[in-house]
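What TrEMBL says about this one:
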- 5-206: domain 'Phosphoribosyltransferase' (DOMAIN)
- 77, 102, 129, 130, 131, 132, 133, 134, 135, 136, 137, 198: 5-phospho-alpha-D-ribose 1-diphosphate binding site (BINDING)
- 192, 197, 198, 199: uracil binding site (BINDING)
Ligand SMILES: O=P(O)(O)OC[C@H]1O[C@H](OP(=O)(O)OP(=O)(O)O)[C@H](O)[C@@H]1O
Ligand SMILES: O=c1cc[nH]c(=O)[nH]1
Ligand SMILES: [Mg+2]
């Protein structure tokens, strides 16, 4: 499985803001948006482009745009904090949604929402979720996509745990991972260490 760690100094600075327990919700969401921009920038680096003729005020030249914009799929709640920024960068993309809440005892994802196109053959998909912990939520989401024919899925996460990366690698699911950090481990409660806490709670408050 292809794993790319975006460790640009500016990405590290935004991730540090998110990790800091003193960062309030508004500053956390702002740092997540800026980090999302950097992760998307790397995720699209090798994307195919289509060229088209255009006129500048001075001369004729060739323009370029993404040949096949990916479907964007934020995983609710925490992935919602990445959705608008990703959509600003790739405005021609469609967006689907998956809602999952991890059971605090079993650590299994409980699905509560799913809004995805029925047919995804030949369609690249970017899944947006700040946290890849056990990997259960991401694996569940990619299975939904693969059932619809997707074979080109990119998981875009701010922080990944080795345990979650291993689960995805062993699942055989069609996925590559773009993350700003591979952290040390999961603790006994399934939280990433050092991590940043519960991303959804830090963005939107505790429910
Ligand atoms: O890799 P996993 O062990 O499955 O954990 C990761 C999931 O946990 C968090 O969501 P959570 O269930 O806390 O829901 P929330 O976004 O509504 O807070 C996070 O946003 C991921 O979706
Ligand atoms: O550390 C973690 C693990 C799962 N979900 C989070 O939001 N944070
Ligand atoms: Mg949460």
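Cβ coordinates are placed from backbone N, Cα and C, and glycine is handled just like the others.
Annotated features, which come from TrEMBL, shown on the structure.
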residue : record                                              : Cβ within 10 Å
77      : 5-phospho-alpha-D-ribose 1-diphosphate binding site : 18
129     : 5-phospho-alpha-D-ribose 1-diphosphate binding site : 27
131     : 5-phospho-alpha-D-ribose 1-diphosphate binding site : 26
133     : 5-phospho-alpha-D-ribose 1-diphosphate binding site : 25
135     : 5-phospho-alpha-D-ribose 1-diphosphate binding site : 24
137     : 5-phospho-alpha-D-ribose 1-diphosphate binding site : 26
192     : uracil binding site                                 : 25
197     : uracil binding site                                 : 16
198     : uracil binding site                                 : 15
199     : uracil binding site                                 : 25
Nearest-integer angstrom distance between the alpha carbons (Cα) of residue 77 (5-phospho-alpha-D-ribose 1-diphosphate binding site) and residue 199 (uracil binding site): 9
Residues within 8 Å of the 192, 197, 198, 199 Cβ centre (excluding the uracil site residues themselves): 78, 130, 131, 159, 191, 195, 196, 200, 201, 202
Rounded Cα-Cα span from residue 192 (uracil binding site) to residue 133 (5-phospho-alpha-D-ribose 1-diphosphate binding site), Å: 6
Residues among the binding-site residues 129, 131, 133, 198 that border ligand 3 - Cβ under 6 angstroms, in sequence order: 198
Within 10 angstroms of residue 198 (uracil binding site), Cα basis - binding-site residues out of 129, 131, 135, 137: 131
Contacting binding-site residues for ligand 2, chosen from 77, 129, 131, 135, 198 when the Cβ sits under 6 angstroms of any of its atoms: 131, 198
Close-lying binding-site residues around ligand 1 among 133, 137, 192, 197, where CB distance stays under 6 Å: 133, 137
Nearest-integer angstrom distance between the alpha carbons (Cα) of residue 192 (uracil binding site) and residue 129 (5-phospho-alpha-D-ribose 1-diphosphate binding site): 14
Distance, residue 197 (uracil binding site) to residue 129 (5-phospho-alpha-D-ribose 1-diphosphate binding site) (CA atoms, angstrom): 14
Alpha-carbon distance [residue 135 (5-phospho-alpha-D-ribose 1-diphosphate binding site); residue 197 (uracil binding site)] in Å: 16
Rounded Cα-Cα span from residue 199 (uracil binding site) to residue 135 (5-phospho-alpha-D-ribose 1-diphosphate binding site), Å: 15
